Amino acid sequence: MGARAAVRSEGAENPARRRRDLGARSQQPDAPLTPRASPAPGSLAGPAMAPDPVSTPVPTSAQLHQPRYFTWEEVAQHSGREKERWLVIDRKVYNISDFCRRHPGGSRVISHYAGQDATDPFVAFHINKGLVRKYMNSLLIGELAPEQPSFEPTKKKELTDEFRELRATVERLGLMKANPLFFLLYLLHILLLDVAAWLTLWIFGTSLVPFFLCAVLLSVVQAQAGWLQHDFGHLSVFGTSTWNHLLHHFVIGHLKGAPASWWNHMHFQHHAKPNCFRKDPDINMHPLFFALGKVLSVELGKQKKKHMPYNHQHKYFFLIGPPALLPLYFQWYIFYFVVQRKKWVDLAWMLSFYARVFFTYMPLLGLKGFLGLFFIVRFLESNWFVWVTQMNHIPMHIDHDRNVDWVSTQLQATCNVHQSAFNDWFSGHLNFQIEHHLFPTMPRHNYHKVAPLVQSLCAKYDIEYKSKPLLSAFADIVHSLKESGQLWLDAYLHQ
């Protein structure tokens, strides 16, 4: 705060110099990227004019270290479509063109904010922001001009400011700190169910009833391990990334047979821009299989595009949605992902899962019985996973990225399901989807504590805070698909 105040003060005292700097840059748009003199390490020195040995005086030290100022219009022009990728964090402008490929969270999630202010997602996703900022120094190219607002005019200033105050309150109350016993007991209950599934066959034999009881227990294991890996993947359990990553590999790799890198690549994009077409991979089934959302469905109809009979999508959803996603798609795609990207550590963790279940159940069931059990489990898990993960998003607003503020981005794309002991367990606390999206690194056992604060914020700014019963949330998936399918048909036939 002190450094930024100093910069603003300097700009205010030297308006003529700042105007000359901005004017020179507007005449030479590439100047900020190709300074003629190298600034001192860590400085924000701008481009120096070529020295005239006759008439140009030697620049002073203050002039050499003058910050380079940018407007929002200049930042927005560097969204990665044709030019470089820039983004803004706390009024500082960073060039992420090369860094995005090395970004630990994946290249796409950071690129989705190119040309925009990324302050709130930066705060939301990182648990050690001080350490991350040290690595960001080499990407710093300047800052917003003092007369520029702190974020774009498409974002609500009062709402953003108050949410940041709420975030500070949440941290001060200790709601971002995990209770290790909660997650230990959660892991133990998964491991005990895993053992119980095997003991069911070993003790009672492999007849039909023990076989299906074993399949149900293993499905519970897989679903609950999916919720637990989600906690580690969001860095919400331990105070350091290292331990979160290690346990994430163990749970998603060894207990589930999936790659952590694939989950990171997909899921962080979803959180950065939920329900934003071409930025949220969770809605990539539009338009190939489904027409999603009112805006996109009408748009698709006007373009006379028909990949599927979308007006019947609420019916075929039951065939290609919940039953098929895991056994017919994810089960095979994850191997392509790790091999194509050479994620050999992830592959090793995955193979440890398949080796464990193969040598555990093959002696009891034989090859055919083992394969039957495996795909029944994937089928049951897939239904559980799809209904829970889609009930919070598919019925909500789906559109192109409109670059609205963080709170509006998350609230328009998410809704909650009423709290109960069963709903919490069944959904892995993702019934608190609103709180989870606003505070993605918050331990899930604290969602219910922050919920009243979020509700108050929404009420103050007239933002709808949706919460519904579990079965109603499931039904709304089908209703929304039927509605968007009909909107597509009307636009397809009449517009």
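Backbone N, Cα and C define each Cβ position, glycine as well.
Automatic prediction, not curation, is the source of TrEMBL annotations.
Look at TrEMBL and you will find 1-62 tagged as region 'Disordered'.
Marked as compositional bias 'Low complexity' by TrEMBL: 35-51.
Per TrEMBL, the feature domain 'Cytochrome b5 heme-binding' maps to 67-145.
According to TrEMBL, the feature transmembrane segment maps to 181-204 (among others).
If you look at the transmembrane segment (316-338), the same-chain residues 6 or more away from its ends with a CB under 8 A from one of its CBs are 258-259, 261-262, 265, 289-290, 308, 344, 346-347, 350, 375, 378-379, 381-383, 385-387, 390, 477-478, 481. Taken from TrEMBL, the feature transmembrane segment covers 316-338 (among others).
Beyond the ends of the transmembrane segment (358-380), by six or more residues, the same chain brings 198, 201-202, 206, 211-212, 214-216, 218-219, 222, 323, 326-327, 331 to within a C-beta distance below 8 angstroms of the stretch. Annotated transmembrane segment per TrEMBL: 358-380 (among others), in sequence order.
According to DSSP, the domain 'Cytochrome b5 heme-binding' (67-145) comprises 32 helix, 18 strand, 29 coil.
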